[in-house]
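My questions will all concern the structure given below.
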Amino acid sequence: MMRVRFPLLVLLGTVFLASVCVSLKVREDENNPFYLRSSNSFQTLFENQNGRIRLLQRFNKRSPQLENLRDYRIVQFQSKPNTILLPHHADADFLLFVLSGRAILTLVNNDDRDSYNLHPGDAQRIPAGTTYYLVNPHDHQNLKIIKLAIPVNKPGRYDDFFLSSTQAQQSYLQGFSHNILETSFHSEFEEINRVLFGEEEEQRQQEGVIVELSKEQIRQLSRRAKSSSRKTISSEDEPFNLRSRNPIYSNNFGKFFEITPEKNPQLRDLDIFLSSVDINEGALLLPHFNSKAIVILVINEGDANIELVGIKEQQQKQKQEEEPLEVQRYRAELSEDDVFVIPAAYPFVVNATSNLNFLAFGINAENNQRNFLAGEKDNVVRQIERQVQELAFPGSAQDVERLLKKQRESYFVDAQPQQKEEGSKGRKGPFPSILGALY
């Protein structure tokens, strides 16, 4: 594993472990600039009885601290069984990920089309300007998809261009003048209007951009679809499955699946990594930080407490040298569809309060290094020389080494015994419990 130059990063880790001993500010939930609650952070772009499309608010509108994510958006798509999202394209690149259900994704090119059967864990890049449509072929199960959108025309803004004219959406072809349409299709406008748009307003499809399909239509569409690639994660233009290979971290308390840009050309083009993480109820994903990637975490199933540690903003201003370092702790209780942003170099920890699954998009992912602050393996603190440990911590090098070796698990640990013990002692708040679970 690559060695990291870590003086500043280790300082952050040291701050995390010692944060109960320095000036500490806590920001929770609604005052937390990195937390986007599902109930009030999504805008519904379309909804009917067949499904809905929601767009997360712009990250930099949530907080100036998220300015570096101004070019990224999160889109949530859900559809009922036996439905289709009608053909359209957008002025944005998409990285699509199937959270649950099955799908048939069709990508249309000038002289060809490709259809793929998608399953949970499948991912696919949809290049900007590509016409595509999405079918839920299942008879009983809803389809749930999350997309990372990267607009190409305007920072943080993109438009969907639908071919169909519905009650919810005009066909973009209707933007052309009558004579242009007549010349282009070599037909009278009356025929064009009747065939493509509906001769009268009331003749338009009423369901909107997500409509029902018959069993025969689904059967025909399914026949043309190819299965996603589960043998390789390095596909240049076909879907790949995030969970088809062994997890990079795994034990009895959790599993961590990841594909990095170095392993997949689609992710390399976007400079993004994809992670899918399972954590058992009561378990902890140990404190760690990413060296350069900004992580957008999306809760798929379950609930969790998350704690993030940063340096208070005023530390960036000119200050008297004798002023103490001030640490900011950001807490949030996360539920399904909530989004949390983890800046690069900020240590964080996730405590699952029920069986948990979350997806993570890592922005600026190339050559990112994940540095754990506790646990037996990949622990950056344990790599510090003994002489430096004695200078960095109040305890002796022997005490530090003894403390670090107490935690024999790596990556995921069981926090429940510690939480129960401290609950019986009357301790309040999750932070001491989390620290106690580490060592």
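Note: Cβ is positioned from N, Cα and C throughout, glycine not excepted.
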Look up region 'Disordered' in Swiss-Prot and report which of 179-207, 208-236, 382-410, 411-439 it refers to.
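It is 411-439 that Swiss-Prot describes as region 'Disordered'.
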Does DSSP put Asn351 (N-linked glycosylation site) in a helix, in a strand, or in coil?
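Its secondary structure by DSSP: strand.
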By a simple count, how many Cβ atoms lie within 10 Å of the Cβ of Asn351 (N-linked glycosylation site), its own Cβ left out?
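Around the Cβ of Asn351 (N-linked glycosylation site), 23 other Cβ atoms lie within 10 Å.
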